[in-house]
Amino acid sequence: MEAFAVAIQSVINDSGFLAFTTGNAIMILVGLILLYLAFAREFEPLLLGPIAFGCLLANIPRNGFEEGVMALISAGISQEIFPPLIFLGVGAMTDFGPLIANPKTLLLGAAAQIGVFAALGGAMMLGFTAQEAAAIGIIGGADGPTSIYLATKLAPHLLGAIAVAAYSYMSLVPLIQPPVMKLFTTQKEREIVMEQLREVTRFEKIVFPIVATIFISLLLPSITSLLGMLMLGNLFRESGVTDRLSDTSQNALINTVTIFLATGTGLTMSAEHFLSLETIKIILLGLFAFICGTAGGVLFGKLMSLVDGGKTNPLIGSAGVSAVPMAARVSQVVGAKANPANFLLMHAMGPNVAGVIGTAVAAGTMLAMLSNH
């Protein structure tokens, strides 16, 4: 009987209840709210769902995640394995044709990165270090894997808050962007009908990822793993002879890696890391970054329209953030409301895919400036 009592006491002592804190309770509530938003409201369910469940797991005391499969999942993020693999799948799903057909839209993708640097400046004004500010600023690029990649490099203690902000705002693009787009454009500008894009040859589509990889990687070697995998996936898509690799990259592989990446991100959301004033600042700075990025793209679109005599609809500039293809769809919806004959989707895909490259370049630039400081 005494042995039984000792065993019971041992179970009680080892249980998580004795180590359970108010912070754990709050974070489990946060996880439940995120699960509701993901599955009931369909806010980025493929990403917020696993992140939210990872948050629940991270706040179970004495969970033993220092070893075993959970440790390997966490290592996949800290060792920068998962983000490049996600980019491989993204590349296989991306059509760079609209960008190749209208190269000047690359400038719109670059202009939208103003949100990244505006948030960087704002974060430094709020007391964050340069490295932390850079990791926060990249939220404005609307690119979850790049946000996770840069946060892991520069501010791993902020990874959970940055990832949640990035993916939350990506899901809210249809709500955040239209008011900004309408604020900075006139009815006449929104009604502009753009000429149909030229047809892009297979040769151009094959050469583009090769040339882009060589040039950009030589310029910013620190993002070679991200950009290289993005372009490799695209090469699988466009070569015409690697259909199996392309199919695996854009389906089975990216789905599998997404589970591990998102769950591993959620595992960083322990109470001691997430419950702070900094988290609130990051959420607000993320919104500021999105608004500035959208405004920057639209304003540069207005400038292009002025220069080319009204051939460019400024609305496609908002697609310069790299939320693919959501931002391009928003441009299409807003343009169609202004002029039902308007079809901006393919035009907006140019700056949209340029934004993917632009965000990676912005991340590489900040890494080059800050990683050794």
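Including glycine, each Cβ sits where the backbone N, Cα and C put it.
Per Swiss-Prot, the feature transmembrane segment maps to 17-37, 38-58, 81-101, 106-126, 132-152, 156-176, 206-226, 257-277, 280-300, 343-363; the stated evidence is sequence analysis.
Residues 43, 48-49, 51-53, 55-56, 58-62, 164, 168, 266, 269-272, 274-275 of the same chain lie 6+ residues outside the transmembrane segment (17-37) yet bring a C-beta within less than 8 angstroms of a C-beta in it. Note on the transmembrane segment (132-152): residues 47, 77-78, 80, 82-84, 86-87, 90, 112-113, 115-121, 123-124, 158-159, 162-163, 165-167, 169-170, 173, 226, 261, 265, 282, 285-286, 288-290, 292-293, 321-323, 327, 355-356, 358-360, 362-363, 366-367, 370 of its chain, located 6 or more positions outside it, place their CB under 8 angstroms from a CB of the stretch. Same-chain residues lying 6+ beyond the ends of the transmembrane segment (343-363) with a Cβ under 8 Å from its Cβ atoms: 90, 94-96, 98-99, 101-102, 105-106, 108-110, 112-113, 116-117, 138, 141-143, 146, 149-150, 194, 197, 212, 216, 220, 223, 226-227, 230, 297, 313, 315-325, 327-329, 331-332, 335-336.
Here the transmembrane segment (280-300) has Cβ contacts under 8 Å with residues 107-109, 111-116, 118-119, 122-123, 126, 128, 136-137, 139-142, 158, 161-162, 164-166, 168-169, 173, 176-177, 180-181, 183-185, 314-315, 317-321, 351 of the same chain, all six or more residues outside its ends. Listed stretches 38-58, 81-101, 106-126, 156-176, 257-277 were compared with the transmembrane segment (206-226); the greatest number of C-beta pairs under 8 angstroms is found for 81-101. By the Cβ criterion (distance under 8 Å, sequence gap of 6 or more), the transmembrane segment (156-176) is counted as touching the transmembrane segment (257-277), at least 3 such pairs being found. If one looks beyond the transmembrane segment (38-58) by at least 6 residues along the same chain, the residues whose Cβ comes under 8 Å of a Cβ in the stretch are 27-28, 30-32, 65, 70, 144, 160, 163-164, 167-168, 170-172, 258-259, 262-270, 274.
Below 8 angstroms of C-beta separation, residues 75, 145-146, 148-149, 152, 197-200, 204-205, 208-209, 225-237, 245-246, 249-251, 253-254, 257-258, 260-261, 264, 324, 346-347, 349-351, 353-354, 356 of the same chain, each at least six residues beyond the ends of the transmembrane segment (81-101), sit close to that stretch.
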